[in-house]
Amino acid sequence: MEWLNVLESQGQALLGPTAWLVVWTIIKIVIIAVPIILCVAYLTYWERKMIGWMHVRLGPNRVGFKGLLQPFADVFKLLTKEVVVPSQANKILFIVAPVVTLMPALAAWAVVPFGPEAVLANVNAGLLYVMAITSIGVYGVIVAGWASNSKYAFLGALRASAQMVSYELAISFVLVTVLLVSGSLNMNEIVLGQGRGWFAERGLTFLSWNWLPLLPLFVIYVISAVAETNRHPFDVVEGESEIVAGHMVEYSGMAFALFFLGEYANMILLSAMASIMFLGGWMSPIDIAPLNWIPGWIWLGIKTFFVVSLFIWFRASFPRYRYDQIMRLGWKIFIPLTGVWLVVVAIWMQTPWNIWR
């Protein structure tokens, strides 16, 4: 990273230390935010393509080569539509709610490491920051349901808040277990900790990642992430056959699109977190020269893409759960299981067979 040191020294000489710090932080935010927004846009394209292939259809194939410009067509369509605010709605909160849903999903990327040194803010409490910032998103859903002054929207918001809080608990127990085996809240340290051990010393890095010893927690995390993002088969929040579009029923135009941007941004974020917590983050699966030449951010992207594709596969394969079934799964199965596994791992770490030393 010699060129970064040269750029930093030249920037400080030109603008001064304080001004350069502000400018450099803004540049890093743009470098992270723009690709994330593009990934969100093209995730909608990949979802339609993948479901189309699973249903033996073509999917989007008209706008641009193989339909690659379809996300831009969708954006232009939504930009030209009017944002209709209901006459009885709380207008300020009605407009603020979609923004509150999207912003935490983007702000959480500040501590996500794309490589050993490629991170916007390498803070020691990175995992705690992600858990805290992502929990704010539920407020946008609640505010949208209340501000719309609609029965359908309010019912959807009530469902959403209960479901998201329930599965946040399961995810929190999973992340606490990862914290226990890693011994650090720093995201970089969590990734580096998965590169140590008997298998890693012999080049089989993928067998030293947390997915193998914590496999039940990995499965619970992925399913809970699907429920946390209100994705099918846990999308009773916006169950079309029951409450139309849930908390989004009164929204249109770009305000409506912001909710979907937030949903897909959360999908990518939780998939990236799964890659960092369980799949070795930016590390290559096998410690050999050709694979080690590939930049870490590409490995992180490949693993994140794999987990995101699981979200889409679930949508195309499983029927929607009833609301009572979703809550029973979260409170009576996942939360007790994660709590028990946390105790099991804690005991395991005190035995001579501790593999995380």
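Glycine residues also receive a Cβ, built from the backbone N, Cα and C atoms like all the rest.
Positions annotated as transmembrane segment by Swiss-Prot: 20-40 (among others).
The transmembrane segment annotation in Swiss-Prot covers 92-112 (among others).
For 127-147 (among others), the entry in Swiss-Prot reads transmembrane segment, with the evidence type sequence analysis. Here the transmembrane segment (127-147) has long-range neighbours at 89-90, 93-94, 96-102, 104-105, 107-108, 110-112, 153-158, 160-161, 164-165, 168, 171-172, 175, 178-179, 185-187, 190, 237, 246-248, 251, 259, 262, 266, 269, 273, meaning same-chain residues at least 6 beyond its ends whose C-beta is under 8 angstroms from one of its own.
Taking Cβ pairs closer than 8 Å, the transmembrane segment (165-185) reaches residues 124-128, 131, 134-135, 138, 193, 210, 213-214, 217, 220-221, 224-225, 227-228, 277-278, 327, 330-331, 334-335, 338-339, 341-342, 345-346, 349, 356 in its own chain, all 6 or more past its ends. Taken from Swiss-Prot, the feature transmembrane segment applies to 165-185 (among others), supported by sequence analysis.
The transmembrane segment annotation in Swiss-Prot covers 206-226 (among others).
What Swiss-Prot lists as transmembrane segment is 268-288 (among others), and the listing cites sequence analysis.
Taken from Swiss-Prot, the feature transmembrane segment applies to 294-314 (among others). Same-chain residues lying 6 or more positions outside the transmembrane segment (294-314) and placing a CB less than 8 Å from one of its CB atoms are 43, 46-47, 50-51, 54, 114-116, 118, 222, 225-226, 229, 231-233, 267-268, 270-272, 274-276, 279-284.
Among the features that Swiss-Prot reports, transmembrane segment is placed at 329-349 (among others), with the record citing sequence analysis.
Long-range contacts of the transmembrane segment (268-288) within the same chain: residues 36, 39-40, 43, 105, 108-109, 112-116, 118, 130, 134, 174-175, 178, 187, 190-191, 194-195, 200, 203-206, 208-211, 214, 217-218, 221-222, 225, 228-229, 294, 296-297, 299-300, 303-305, 307-308, 311, each at least 6 residues beyond the stretch ends and with a Cβ under 8 Å from a Cβ of the stretch.
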